[in-house]
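Asker: Under the heading domain 'ATPase F1/V1/A1 complex alpha/beta subunit N-terminal', TrEMBL lists 6-65. Annotation source TrEMBL lists domain 'ATPsynthase alpha/beta subunit barrel-sandwich' at 106-194. What TrEMBL lists as domain 'ATPase F1/V1/A1 complex alpha/beta subunit nucleotide-binding' is 212-433. Feature annotation from TrEMBL assigns ATP binding site to Gly232, Pro233, Phe234, Gly235, Ala236, Gly237, Lys238, Thr239. For 441-528, the entry in TrEMBL reads domain 'ATP synthase A/B type C-terminal'.
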Amino acid sequence: MGKLLEVNGPLVRARLPQVPTGEQVKVGKIGLVGEVIGREGEEALIQVYEATESVRPGEAVEPLGYPLSVELGPGLLGQIFDGIQRPLDRILEVSGDRISRGIQLQGLDQERVWHFQPNPQLTTGMTVTGGVQLGAVPETPTIEHRILVPPELSGELLELVGEGDYPLAEVIARVRTRDNRLHDLTLSHRWPVRKFRPYRQREYSVAPLITGQRILDTFFPLLKGSKAAVPGPFGAGKTIVQHQIARWSNADIVIYVGCGERGNELVEVLDSFPQLTDPHTGRSLMERTLLVANTSNMPVVAREASLYVGVTLGEYYRDQGYDVVIVADSTSRWAEALREVAGRLGQMPVEEGYPAYLASRLAAFYERAGRVQALGGKVGSVTLIGAVSPPGGDFSEPVTSHTKEIVGTFWALSKELADARHYPAVSWTESFSDDIPVAARWWAEHIDKRWQAERAEAMTLLTQAEELSRIVNLVGPEALSGTQRWVLEGAALIKEGVLQQSALDPVDSFCTPEKQFALLELMLQLYHRGTELLERGVPVQELLGLPILARAKRCKSDYDNTKVEKLRDFAKTIREEFDRLGMEYAEAGKHSE
Ligand SMILES: Nc1ncnc2c1ncn2[C@@H]1O[C@H](COP(=O)(O)OP(=O)(O)OP(=O)(O)O)[C@@H](O)[C@H]1O
């Protein structure tokens with residue numbers, strides 16, 4: 001037992017000899033959750049994850065003997081945890097609407113029994129190592145939860161229970177390590193949140209995460225196992241983009257970490273997620289989702305822990321061979337927690353009050369993304385998507401600019417696009433993706449070989465249009481040639497017919513890769529046909545007046561994902577209409593000769 005010496009907001013100092021940095025402690029009479037973050041001689045510096053009012057010097061501090069860690073096992077999915085893995089529904093049960101402090105609750109339901117099926121390939125006497133699958137339980141109707149030997153354990157398997165129903169704490173296997181120590185294994189184990197879970201080797205990412213959002217999948221793809229950031233000024237649609245990813249992406253497991261965004265937004269997430277259906281299975285989305293949400297009564301520093309809790313839970317499912325997507329909202333609030341702690345520790349502020357280690361902490365966090373071969377041999381991935389909320393929408397501020405250096409995909413939200421009600425307001429000039437070459441191989445193999453070329457052509461059109469719009473703003477549209485005006489229309493077809501996509505439109509909210517490509521191809525085809533006619537002397541006004549242009553822009557909502565063939569038929573109509581127009585002009589030309 002240690003003794004509290006000083007309380008400084010969420011940081012407290014205690015006399016606590018021999019307790020290592022990183023260890024979890026209980027602080028004060030009410031037993032607040034804390035973590036030792038530094039030591040000076042006999043004294044430990046402790047970060048407390050609950051409000052420390054009413055805690056006084058002289059009270060006890062109890063070391064728990066293990067680092068700040070999470071409990072990993074079946075029953076995680078469908079849960080909503082607070083930033084230190086306490087289930088919110090049970091917190092509310094225990095304390096009512098006003099969450100009291102110092103509640104000790106385990107992350108997982110200890111009473112519930114799970115139907116365990118042992119791995120038939122294992123026999124007693126065999127040597128098992130970390131990651132080997134002991135068996136499995138059906139966690140949800142769609143996710144089989146694989147029970148693995150904890151990463152750092154290896155030894156002789158002395159016993160493995162038969163098929164049956166077991167609660168979490170019951171011993172299901174016994175292992176004797178080389179030093180003759182016996183280890184009882186249960187359906188769950190603990191893992192420290194700040195330590196990445198080991199794997200056998202990193203693998204190249206090969207497939208894009210399909211989010212069903214065209215601006216993301218077709219224009220700025222993100223591979224499964226990669227890292228992305230979504231920076232966005234206030235109100236530019238960050239939340240909707242993240243919801244769309246959580247809802248539609250083709251990951252096996254989705255983890256949403258709400259660290260410190262405004263309370264009402266979190267309530268929105270907590271209310272809306274449980275009502276959503278998983279489009280891939282038709283079942284509740286919560287069956288493959290897990291939420292980690294800092295409650296508003298937790299101090300800012302707790303945000304720091306919640307991100308690590310989320311990523312550790314993600315790595316655990318990765319080790320079972322699943323593709324996991326983690327959406328962190330927002331890393332700016334997390335960085336604010338770092339700043340607050342650094343300030344209280346009296347560390348030298350470097351950029352805008354952030355400590356010098358901001359960039360390295362951010363990098364270390366994103367480093368936990370990846371596609372790996374797990375210790376047990378299965379391949380799984382963690383894809384990290386961090387929202388960033390730059391104050392005033394200024395992307396040069398430290399968190400956004402460091403994050404930009406770290407991530408491979410950057411989905412920059414633009415206030416101007418949002419103001420113009422162009423949604424998703426992802427800017428095509430400021431966003432980037434390093435994953436295009438690999439994604440192109442996937443698109444070529446699964447959808448169409450021309451994907452990369454068509455994507456590049458659409459981007460060129462958008463860039464040309466951007467420059468032409470500047471001219472129009474300066475000297476008016478009359479200054480443009482017919483071809484230039486047609487370029488503007490080509491870009492408008494891409495913007496309105498492909499990029500704009502309403503999350504609220506039931507037909508268009510999710511777009512399959514097939515339909516994404518069909519739409520892109522349709523718009524480019526229209527543009528090419530028009531260009532041909534312009535070259536044959538058809539005036540641009542004739543083309544701009546064609547009703548088929550407006551129809552093409554509506555195709556995204558007129559044809560659902562099952563009607564891609566019909567969409568291609570519509571493309572044929574366009575060809576015919578343009579051919580007819582071309583013929584008419586040829587005829588008219590002949591007559592006038
Ligand atoms: N893809 C979309 N489809 C349709 N509407 C959208 C889309 N994205 C954003 N919107 C509109 O923009 C509004 C603001 O979006 P959202 O709440 O996601 O903004 P935000 O950037 O998260 O805000 P904040 O910065 O306050 O967190 C939504 O209520 C919705 O009307």
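Keep in mind that glycine also has a Cβ here, set from the backbone N, Cα and C atoms.
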Asker: Hey, of the binding-site residues listed (Gly232, Pro233, Gly235, Gly237), which one tops the CB count within 10 A?
Answerer: Gly232
Asker: Return the stretch with the most CB pairs under 8 A relative to the domain 'ATPase F1/V1/A1 complex alpha/beta subunit N-terminal' (6-65), choosing among 106-194, 212-433, 441-528.
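Answerer: By Cβ pairs under 8 Å, 212-433 leads among 106-194, 212-433, 441-528.
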Asker: If you check the binding-site residues Pro233, Phe234, Gly235, Gly237, Lys238, Thr239 one by one, which have a CB less than 6 Å away from any atom of ligand 1?
Answerer: Phe234, Gly235, Gly237, Lys238, Thr239
Asker: Using the Cβ centroid of Gly232, Pro233, Phe234, Gly235, Ala236, Gly237, Lys238, Thr239 as the reference point for the ATP site, which residues of the same chain not in that list have Cβ within 8 Å?
Answerer: Ser389, Leu413, Lys415, Ala418, Ala425
Asker: For the domain 'ATP synthase A/B type C-terminal' (441-528), provide the mean pLDDT of the predicted model.
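Answerer: So the average pLDDT across the domain 'ATP synthase A/B type C-terminal' (441-528) works out to 95.
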Asker: Reduced to three states, what secondary structure does DSSP give Gly237 (ATP binding site)?
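Answerer: For Gly237 (ATP binding site) - judged by DSSP and reduced to three states - the answer is coil.
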Asker: May I have the DSSP-based helix, strand and coil counts for the residues of the domain 'ATP synthase A/B type C-terminal' (441-528)?
Answerer: 68 helix, 0 strand, 20 coil
